[in-house]
Ligand SMILES: CSC[C@H]1O[C@@H](n2cnc3c(O)ncnc32)[C@H](O)[C@@H]1O
Ligand SMILES: [Zn+2]
């Protein structure tokens with residue numbers, strides 16, 4: 001592949017991808033100035049060469065739809081390696097929340113930039129994010145050229161004053177994102193979890209989501225303890241509580257979903273919820289159970305994949321995650337056929353894109369040009385009997401060569417403009433955050 005002109009990163013240009021494998025055949029893809037796929041065809045399509053401002057020779061690369069990460073806390077990239085090998089509640093209350101209390105908007109901006117770099121490197125073009133100072137996350141996403149659904153993590157612990165401030169933060173994010181007028185960036189409501197948000201808070205979030213037609217992003221049934229406590233406190237299982245509060249819709253993304261029982265899977269299916277499977281985080285925090293993927297799919301839900309934050313994973317590599325998902329499902333449910341490669345691939349392409357409302361997640365005429373080129377001239381892609389099998393099971397992120405989001409080239413020939421400076425700033429910011437916490441005692 002050649003990168004003769006650095007302006008290839010600018011966006012707003014027509015690009016012709018030649019010599020790529022697209023939908024299983026050797027061919028070309030034309031991307032128009034508006035960032036849409038104009039045409040895909042077999043062969044080199046010499047006719048279109050004269051129209052395109054840039055030509056990228058894929059040198060036999062696989063052209064795949066860009067990947068979607070449906071659950072993360074991007075700026076937690078700054079907390080990578082800060083607290084490992086702990087029980088979830090202890091990890092959150094003793095290490096993570098005390099450090100997060102010192103976060104600033106600048107931290108979230110730098111952490112989200114770093115997260116974008118990491119996600120782009122694994123072929124991710126869109127993500128669903130829950131954290132704090134989300135106007136700063138939005139600024140980073142805007143500059144990095146990715147797509148994201150952003151929510152302020154809403155926690156009230158049943159306290160009315162806290163609820164009022166969370167409502168204000170959510171409303172402020174709504175106005176901010178609306179004002180940005182960037183179709184790649186959307187907001188959602190983000191009730192953190194049934195164990196951290198009151199019924200009133202959950203109901204407010206569901207009503208606001210419906211009124212504004214935005215997504216709702218929540219953690220659901222990650223641990224057995226939270227399920228038991230929900231039944232003790234509310235006399236209901238967590239998914240039933242969410243139904244009662246209006247939180248289950250086809251714009252709901254529910255992270256983890258490990259401990260759902262059959263009836264709760266049916267509920268998520270009935271409302272067309274998108275569960276986000278987070279296998280690395282669940283294994284690391286020893287959640288004890290894998291998301292019931294097959295039950296959710298059969299019930300009509302839209303299972304997708306997320307990495308969770310960098311403190312419980314500890315990276316944002318969706319290709320590593322998808323392999324974990326395909327393996328964990330088989331291991332935990334003792335079935336060698338559950339979550340086959342083609343379904344795992346759907347989770348990170350079409351299902352993920354559907355969950356966030358970012359196009360079909362397929363390479364087809366008229367779709368947003370969200371395209372990733374994966375090198376085939378590397379050991380892990382040799383031989384290439386089945387591109388989808390290799391993407392899920394063998395190739396890994398170091399085979400990702402070029403990433404295009406809405407027609408804008410974000411990475412080309414393994415290069416992301418500005419990466420060195422972003423890593424430097426993120427490292428300084430992370431150490432400064434920990435120093436501020438230590439200084440405060
Ligand atoms: C209020 S913003 C999001 C909030 O969630 C915390 N978090 C990160 N990972 C997890 C997890 O696996 N379960 C529950 N909560 C998690 C994060 O640290 C933020 O405080
Ligand atoms: Zn999470």
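Any Cβ shown, glycine's included, is placed from N, Cα and C.
According to TrEMBL:
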type: BINDING; residues: 71, 73, 219, 308; note: Zn(2+) binding site
type: BINDING; residues: 100, 192, 222, 308; note: substrate binding site
type: DOMAIN; residues: 62-409; note: domain 'Amidohydrolase-related'
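Of the chain residues outside the Zn(2+) site list 71, 73, 219, 308, 72, 130, 255, 256, 276, 278, 281, 306, 309, 312 have their Cβ within 8 Å of the site's Cβ mean position. When the C-alpha distances from residue 100 (substrate binding site) to the binding-site residues 71, 219, 308 are tabulated, the minimum falls on 308. For residue 308 (Zn(2+) binding site), the same-chain residues lying six or more positions away in sequence with a CB closer than 8 A to its CB are 71, 72, 73, 255, 278, 280, 281. Proximity of residue 192 (substrate binding site) to non-local residues of its own chain (separation of 6 or more, Cβ distance below 8 Å) is seen for 130, 153, 154, 155, 218, 219, given in sequence order. Here the binding-site residues are 100, 222; the one with the fewest Cβ atoms within 10 Å of its Cβ is 100.
308 are the binding-site residues among 100, 192, 222, 308 whose C-beta comes within less than 6 Å of an atom of ligand 2, given in sequence order. There are 28 other Cβ atoms within 10 Å of the Cβ belonging to residue 71 (Zn(2+) binding site).
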